[in-house]
Amino acid sequence: MISRNLKNVLVVSIGFLSLFTAYGGLQSLQSSLNAEEGMGVASLSVIYASIIVSSMFLPPIMIKNLGCKWTIVASMACYVAYSFGNLHPGWYTLMPTSVILGLGGSPLWSAKCTYLTISSNMQASKEGKRGSDVINQYFGIFFFNFQLSAVWGNLMSSLIFGQDTNIADIPEEQLQSCGAADCGLNVSVNSTTTRPAQELVWTLVGAYIGVGLLAMLIVAVFLDNIDREQASEFRGNREPFCHTFLATFRLLKDWRMVTLIPLTMYTGFEQSFIAGEYTKNYVTCALGIHFVGFVMMCFGASNSLCSFLFGRLARYTGRAALFALAALANFSCIIALLYWRPRPEQLPVFFIFSGLWGVADAIWQTQTNVLYSTLFPQEKEAAFANYRMWESLGFVIAFAYSTFLCLEYKLYILLAVLSLTGQITKLSKLKNKS
């Protein structure tokens, strides 16, 4: 029999797997599916800008009042609203639902991280283990399941869009503009980014809505409310509103939090690149939109397997070595993407890049979350609110310049931000045996 704490970790993981099967699939398609006037990328920018705003005050307030479980359920409803907005995408539907999703984004992830940290420490105390070891294990299990959402979400989109009868061959003239060979700003007008038949879009979005609602049901029914007493006590003995409101910003007085900012922002930059630039300027341009799902499935599969693997290896290798491996993988891919000219006959190469990027992202995601849990055990809500705020700032900046900077310059920016994350190595070494 598995322990109660592990059961709760699995419930959270399956809930997020279901929810992000929908959102992850939609995010991967936005730059190609809703390419008109940059509407898809604009909606992603609005999402992460809203997450920045919500990170400033919502997570501590919601978690302390509702508890982690019901904060997760309420926030999941915000994600489902965005799926409804994609049924009839337009500025008047995508922008409001993007704001709603963004407001729920930070509380969702802060509550999840807080819940996993509480469960990890409870299990560590029960088994007489180090808290950081169990945290590594539980976050590895979570991200193993969570990253599988990229597999299922993108499989759904590829299978459904693959039924489109209007798929055309890629003209040679268009292939000349794929990758960093050309500026990459005019890919959206090419024939391969034409929206699939509207009936297929409705089928896909309807399926995404269904799995999103399923995620809410799973968490609401099966997740234990382990912090119910703390939430009830907080509601009965309220702190001043300003004290809770400013909790996120007070943590910025800690030099360790300031040191984490470049690393956290980079996770936003690198995720936005694979979801926005790689899918549009390499996959859609050279293969067609119906291949986006298959290529991103490879990203999700490698991400999932490596999340589980590195969650267990971290206790032996230390975080610094894993961060160095992630940086090396991203650096190699960025340099290669600057010179690669994608063509349809090079099909395996598309999957190699997405697979390597998944390996790196697995490290950035699992180890950065563990680092926050380890460094700020007494300020979990505020710490993870900061995590979402700075990660989202990376997303916003990357999506903001997506429509007017050439792809070559975007790769150079990504390379520059990666170089700033090196300072985290010393910090991770200092805390590795915490």
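Cβ atoms are placed via backbone N, Cα and C, with glycine included.
Quick look at what TrEMBL annotates:
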- 40-58: transmembrane segment (TRANSMEM)
- 70-87: transmembrane segment (TRANSMEM)
- 99-118: transmembrane segment (TRANSMEM)
- 138-161: transmembrane segment (TRANSMEM)
- 200-223: transmembrane segment (TRANSMEM)
- 287-310: transmembrane segment (TRANSMEM)
- 322-340: transmembrane segment (TRANSMEM)
- 346-364: transmembrane segment (TRANSMEM)
Spatial neighbours of the transmembrane segment (99-118) not adjacent in sequence (6+ beyond its ends, CB under 8 Å) are 8-9, 12, 16, 23, 46-51, 53-55, 58-59, 62-63, 68-69, 71-72, 74-79, 81-82, 135, 138-139, 142, 226-227, 369, 372-373, 377, 380-381, 384-385, 387-389, 392
Can you name the far-off residues of the same chain, 6+ from the ends of the transmembrane segment (70-87), with a Cβ under 8 Å from a Cβ of it?
12, 15, 19, 22-23, 26, 34, 47, 59, 62-63, 93-94, 96-98, 100-105, 107-108, 110-112, 115, 201-202, 205-206, 208-209, 212-213, 215-216, 219-220, 223, 225
Under 8 Å between C-beta atoms and at least six residues away from its ends: which parts of the chain pack against the transmembrane segment (322-340)?
179-180, 270, 278, 282, 310, 313-314, 349, 353, 356-357, 359-361, 363-364, 367, 408, 411, 414-415, 418, 421-422, 424-425, 428
Could you give the residue numbers and ranges of same-chain residues that sit at least 6 residues beyond the transmembrane segment (138-161) on either side and whose C-beta is under 8 angstroms from one of its C-beta atoms?
5-6, 9-10, 12-14, 16-26, 28-29, 112, 116, 119-120, 123, 196, 200, 203-204, 207-208, 289-297, 299-301, 303-305, 307-312, 314, 358, 362, 365-366, 369-370, 373
Would you mind listing the long-range same-chain contacts of the transmembrane segment (40-58), meaning Cβ under 8 Å and 6+ residues beyond its ends?
27, 29-34, 82, 89, 94-95, 98-107, 110, 244-245, 248-249, 268, 272, 275-276, 385-386, 388-389, 392-393, 395-396, 399-400, 402-403
